[in-house]
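Sequence annotations record features per position, and here TrEMBL assigns domain 'NB-ARC' to 145-247. Marked as repeat 'WD' by TrEMBL: 595-628, 629-670, 714-764, 765-806, 807-848, 923-955, 964-1005, 1006-1047, 1059-1090, 1092-1133, 1134-1175, 1176-1226.
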Amino acid sequence: MTAKKSRRRGVVLSLAGQRKFETARRQLEKAMNGGDRFTLEELSERTQLALSTMTRVLDAQVGVDKQTLDQVFAAFDLSLQRADYQQPEGGDERLPAAATDSLSTASTTLATTLTTTSPTAPILDWGEAIDVSLFYGRTAELATLEQWIQHDRCRLIAMLGMGGIGKTALSVKLAQELTQNSKLTAQPFEFIVWRTLRNAPPLELLLTDVIQVLSYQRESVPSLRLPALISRLLNYLRQHRCLLILDNGETILQGGQFTGAYRQGYEAYGELLRQVGEIPHQSCVVLTSREKPETIANLEGETLPVRSFALPGLPTTATDHLFDAIGLSSSNVGRQRLLGVYSGNPLALKIVATSIRELFGGDVDAFLQEETTVFNGIRRLLDQQYQRLTLLEKQVMLWLAINREWVTIAALQSDLVPSVPRSRLLETLESLARRSLIEQNNARFTQQPVVMEYVTDAFIDHVCEEIRQRSPELFLSHALIKATAKDYVRESQIRVILKPLGDRLLARFGSQTALSAQLQHLLQQLHDATVSQAGYGAGNWLNLSQHLKLDLTGSDVSHLTVRQACLQDGPLHQVNLSHAHLVDCQFAEPLNLPTALAVSPTGDRVALGNENGTVQMWQVSTQQPLLTLPAHTAHVFGLNFTQDGRTLVTGSHDHTIKFWDMTTGNCLQTWQGKGPVWAQAFSPDGLILANSVGDADRAIHLWHWQTGQRLKTLIGHTGQATTLAFVPHSTDTAEGTGHPLLISGSQDHTLRLWDLEQGVCLRTLTGHTGMVWTVSVHPQGDRFASASFDQSIKIWDLATGICLQTLLGHTAEVTSVSFSPDGQWLASSSNDRTIRLWEVATGQCLTVLQAHLDHVWAVAFTATPVQGKIAAAEQILISASFDQTVRFWQINRIARDEPGTDASVILSPTSQLTIANHCLKTIQGSDMGIRSIACHPHRHLLASGGLGNRIRLWDESGYCIKTLTGHTGGIWKVAFHPEGKRLASSSLNGEIKVWDVESGQCLQTLLRNNSWIQALGFSPQGDLVSGSSFDATIHVWDSQTGECIRSMTLAAAAYLLGLAFHPQEHYFVSAGNDDRLRWWDLETGDCFRTIEADHGGHAWCVAFHPQGHWFASIGNDQVVKVWDAQSGECLRQMLGHSGIHGSIAFSPDGSILASGRSDRIIRLWDVTTGQCLRVLEGHTSGVTSVVFLPVQPLAKLASQQQILASGSLDETIRLWDVQTGRCLKMFRPDRLYEGMNITGVTGLTEGAIATLKSLGAMVL
């Protein structure tokens, strides 16, 4: 008998329909919602559909009526076409559920996904949970807790007890029991997540982490404020049954006050607990703590969903195994008495067992007969034990508390100053282990949380008293923080050591002034005491002073040993470090905007190309700088090592390709091209170099790199090819050619596969709706990934050209993809400031890395060498961001899904693959290159913006009269309002702000999205216009109210790079990446003229003549062009520059046109004849902005100079006399180390000294 087929009901959105809807939705969100995603409720209200119906529409799995889809599309001004929908079994074309994930819908759409993937087995994420394979007793306690959680459905439980009583072990065992019993429960947990609060994580970090787990890594919430994050978590706790265990809750509570009060800065934890306890949901949160938080005390009750469980000591019946394990023997009476004395505390029993074994041979009864002083309470017991330690044992205990994670003997030995023989250190560790004061595992050591907290508190108290009495001891022998520690460890050291110490000192001295004076006395003592000169005193002094934000200008640290000083962030102006010896210190580096990232074939070196043309290189294993190459004068987009790793090839927008010897850093040869280099790649055999240059035919060229012979030219793309990749080995395609293949991705949204033997395009791959920026070939060579500005990643089958997967989750342009060396993972970076790690086999997002503060431009994997081999379980991921940082991430594979690991882990719901990720090291840049300058319309007041997130106002003497802060990304454009009372600024991360010039206050923030705002300006009538670089939109704002009064959309794949307003009429001209100039009517928003600029691929900048009849433009072709504004006719072309990009400006009288470009040159042109009148030289990096100062009032006209201001990536602003070409003044913001004296300093390489000098340091 044939089973009856179920009738298919309704329709779902097709792949094309989903894309169409998502594009319209994003445009509306940016126009009406500041770029924030619409919540599910907002979508429901807009479409007038029920929440459940809207969820089915977004999920595209369960059919709905066609009229429903009509209603949804109509709400977004769309017309539903036949290609926009299909039957529910539409199978292969359906986008993954992630296609509709957003901040508003992730938890709802996930409900369907979870139901279909794993109905019984919970998703486990153990974090840093301990191993409880040896667990005794607690049967009654487990039964009670399970009853509260499963039967009584408690929402919030506080598990309370003194330190060492076993709360952590019980919480892990409870989670294991609930996992094992999940199949027997009517409503099992879908997620079980265990997290420790031992290092006092800010609530934002904790919630972001947990939300990622509960959303299968689909939800990225880096920009949400705390109330929104708490709301998001509650949404998940309502939608899914989750068990969230938070261990060591006492770390967020304030000591020295009434029990249960929260530490300063951690009050939001109370709001979280309040909402978890009060708001109905189907989940349970368990908090372990030594104290009861006041929030829980106010909510709890015996029959209420909020309860407290006081964990008692172990009963006599549960201690047989324990006494055997710790080597004690006793009578029943003696055992009961010892348990009574120490309240059945397992840790206390283990610690006191040391004395019993050493002094009484393990005989408890003998100990009880002789022991005259009985210590109740774990802290008093620890006091007793700590006082019995030797000096070296105390030193080691302090270092274990400072290190805050498992450490090796070698690491401990390097910490100790003066050094200690390894044999003595081993004896000391063995002694501490026998005393049960430390934990050991695989030749690594740490402390239990209660012991670590005790030692940390004692350390802080002791150092605080030393500073008060000016008698440093531990301040000299131990570091407050370690500059060389992994980032996450150092952040913990700051939270639990440096900050509490600073707070106590401020409370003790009453003011920063008094404390600063005390620290100056302490610094003088460091100079006077010879014993201090080799220790940690000077490094601690600098770290503490910078944390307290004390003014260190002119401080004298000369002739001292500076150890473990983290000096990447705070200014050290005029600090005297002469003849100091620096050990394990960290300084900032002159990082610019990253444009390319490459890892050497051996994985031991990483190179970074920058916007200013420099190339920097670091050792991967140590993250130490190796080379800085002054390679080019413009963006470096091509960056590749040769196959043997001995040569680095760089390609730039300055039209050159250079070859560098990696041993000496010397340039071996230079190729001069005819256009900017956008991409390049080496063939697998290392013989062929392919590159893409900005020529008219969008060609790809193949070269024999050692001879310079051009072998072939590949033509087919209709937009610039922005990425190239060879297949690692010869691959048989569907056509059976067997020839080597080249993959190219382009601004025309397509990918092409090229047969290099025949020089023909085998296949054109379509599917992306934005430019393809990066491709990465799988190590096996059978597939490749493409990253697009349409926010998606696609995995393609190389042989057939079929798209195997579409990975969605990023909320802005995807800028880079990289396969791991073993091919199991794919990393991606995005302008949404995140990095995602995907499992290749399933397409699941395993984790989201959110440490960067601005666009993440590039990622690259490099495997960790271990004795000449690759460690498959541990790999390094490197990322480069516009926040001027390069980060090194440790990515580990963990083979088990049980607790007991010492790393933070995240679990894939499909493959049960567990990974751990930590940021090992951040290389912090400090570059204040000038991006844009603007002049006040009526007086000589300059505004400048650039990297560093600050806007500065300068008078004509070069004095910075005001600094405007508030942007969270580098400043790209600044513009004065025609009246001069307001200033507008735009940033790399999508913010537009309007400022009051006199007060420096931010009046409005107009736009917040992740898209790069490159075009900005005020019309003569005062309208503010912005053009986003990647989402093809132009917005017109009412500058008084901040209201967006009009939005215009460019053609597909086009975006704005510059705009200029007609000085009298109500229109503007824009320049774009498609090499077109467009005329826009401000009243209607219509584009009424478009012409081809013929600027070599990109038109970058436009400027109007004061009379409005002409305007000028520049682009990639090194030519300055003047156009008739009415007809669009090109009147003249001025040649002479060798650089691209840059800026142009007309003089107030319109007779002179100034142009500054990446060739570091400014040229002054006669507008009428096109003759070059003068060349202005002096900038040492690309010129990014030129502007004429306004003519002063007539009374001063006789002595008036015509002055041109220029800004450059060399961090300077220069004022020029236009008539003579003389530089009148040069000024710059103070660099991070301005005036720092490093004469005679030791411990730094020549490269490091050169780096410090580039950031303002001096050698006298």
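Just so you know, glycine gets a Cβ as well, placed from its N, Cα and C.
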Tell me whether the repeat 'WD' (923-955) sits in contact with the repeat 'WD' (1059-1090), defined here as at least 3 Cβ pairs under 8 Å among residues 6 or more apart in sequence.
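No, the stretches stay apart by this measure.
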Between the repeat 'WD' (629-670) and the repeat 'WD' (1134-1175), are there three or more CB pairs that fall under 8 A, provided the residues in each pair are separated by 6 or more in sequence?
yes
Using a Cβ cut-off under 8 Å, which residues of the same chain at least 6 positions beyond either end of the repeat 'WD' (1059-1090) come close to it?
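For the repeat 'WD' (1059-1090), the list is 719, 747, 1015-1021, 1023, 1025, 1027, 1034, 1036, 1046-1048, 1050-1051, 1053, 1096-1108, 1111, 1113, 1115, 1123, 1125, 1128.
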Of the listed stretches (595-628, 629-670, 964-1005, 1006-1047, 1176-1226), which one yields the highest count of Cβ-Cβ distances below 8 Å with the repeat 'WD' (807-848)?
1006-1047
Of the residues in the repeat 'WD' (765-806), how many are helix, strand and coil by DSSP?
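Taking the repeat 'WD' (765-806) as a whole: 0 helix, 23 strand, 19 coil.
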In the repeat 'WD' (1059-1090), how many residues does DSSP put in helix, strand and coil?
0 helix, 19 strand, 13 coil
Other than its close neighbours in sequence, what residues sit by the repeat 'WD' (1006-1047), given a CB gap under 8 Å and a spacing of at least six beyond its ends?
26-27, 30-31, 34-36, 223, 770, 789, 811-813, 830-833, 855, 972-979, 982, 984-994, 1053-1064, 1066, 1068, 1070, 1080, 1082, 1085
The repeat 'WD' (964-1005): which same-chain residues, six or more beyond its ends, come within Cβ distance under 8 Å?
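For the repeat 'WD' (964-1005), the sequence-distant neighbours (Cβ-Cβ under 8 Å, at least 6 residues beyond its ends) are 35, 593, 831, 833, 853-855, 882-884, 931-939, 941, 943-953, 1011-1018, 1020-1022, 1024, 1026, 1028, 1037, 1039, 1042.
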Determine how many residues of the repeat 'WD' (807-848) DSSP places in helix, in strand and in coil.
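Across the repeat 'WD' (807-848), the residues distribute as 0 helix, 23 strand, 19 coil.
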Going by DSSP assignments with H, G and I as helix and E and B as strand, what are the residue counts for the repeat 'WD' (1176-1226)?
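Once the DSSP states are binned, the repeat 'WD' (1176-1226) shows 6 helix, 22 strand, 23 coil.
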